[in-house]
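These notes concern the structure reproduced below.
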Amino acid sequence: DDCIVVEYYIVTDSAFTKRFKSNSALTKYVTVMFTGVQNLMDTLELGIGVRLLGVTAFNEETEPSFIIDNLISGPPEAFDPDVLITAMSEYYCNHQIGLAKNTDLIFLITARGMGDPREDGTVDINTAGIANSAGVYKPCLKAGVATDDSDYNERVDTLAHESVHLLGSPHDGEGPDQVSLEGSPGAANCPAKAGYIMGNRNDKNKYKFSPCTKKCVEYLLSKPAASCIFEQCSGF
């Protein structure tokens, strides 16, 4: 029997990396996040497992061009999310080696903020994460970004929310035109106010995905191109 396993490769920017005393402390922290992501994915009831393949913690000397070249000095230092996701996607499109090549999804975790640049050089910090729609099995579109503000629930939600964009779901209340996958059912039938993870989260439903999100992800998984997410079941 086949199992659905979404594999992740995590890279961290220098601002995030320097919060930790050691690489092992950072890796442990990220691993704990994935326990939370798995718990949220379980609410899709599609049997999706998440697996962390590895973590690369960049420091100020090793940060790649897609981070350095797009940093807005602020203060505080921040990114324009649209510019960052485009540059990151292109970078990994051109650097398909090792874990970056083998993984289903690549996420940057940043401790810097994201938002709209203002004319005075500062940034209106208003974006927790961004990801390419239905990009999971496309080598040049399998990227996402999540900001980490040290609140466990917030960052786990962001990672799960952005992952599900990559797995073919729009926000609740959005139609199929918001999904980069032909034939997607979209999520227009699930209003944002119902309060699920892909809507405006309320206390009742903020740790669950809506029925529409489930249908959208199920649709993506039914496509032949999604076969890379399926593997032989082991004692996973």
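Placement of Cβ uses the backbone N, Cα and C atoms for every residue, glycine included.
It should be emphasised that the depicted structure is a prediction, and the values quoted were computed from it without experimental measurement.
Database features (Swiss-Prot):
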DOMAIN    4-232  domain 'Peptidase M12B'
BINDING   His161, His165, His171  Zn(2+) binding site
ACT_SITE  Glu162  active site
Secondary structure of His161 (Zn(2+) binding site) (DSSP, helix/strand/coil): helix
Sparsest Cβ surroundings (other CB atoms within 10 Å) among the binding-site residues His161, His165, His171: His171
Those residues of the chain, 6+ apart, with a Cβ under 8 Å from that of the residue listed as 'active site': Phe107, Gly129, Ile130, Ala131, Gly144, Val145, Ala146
Residues flanking the Zn(2+) site, with Cβ no more than 8 Å from the Cβ centroid of His161, His165, His171 and excluding those residues themselves: Ala131, Glu162, Val164, Ser169, Pro170, Ile197, Met198
Averaged pLDDT, computed only over the residues in the domain 'Peptidase M12B' (4-232): 95
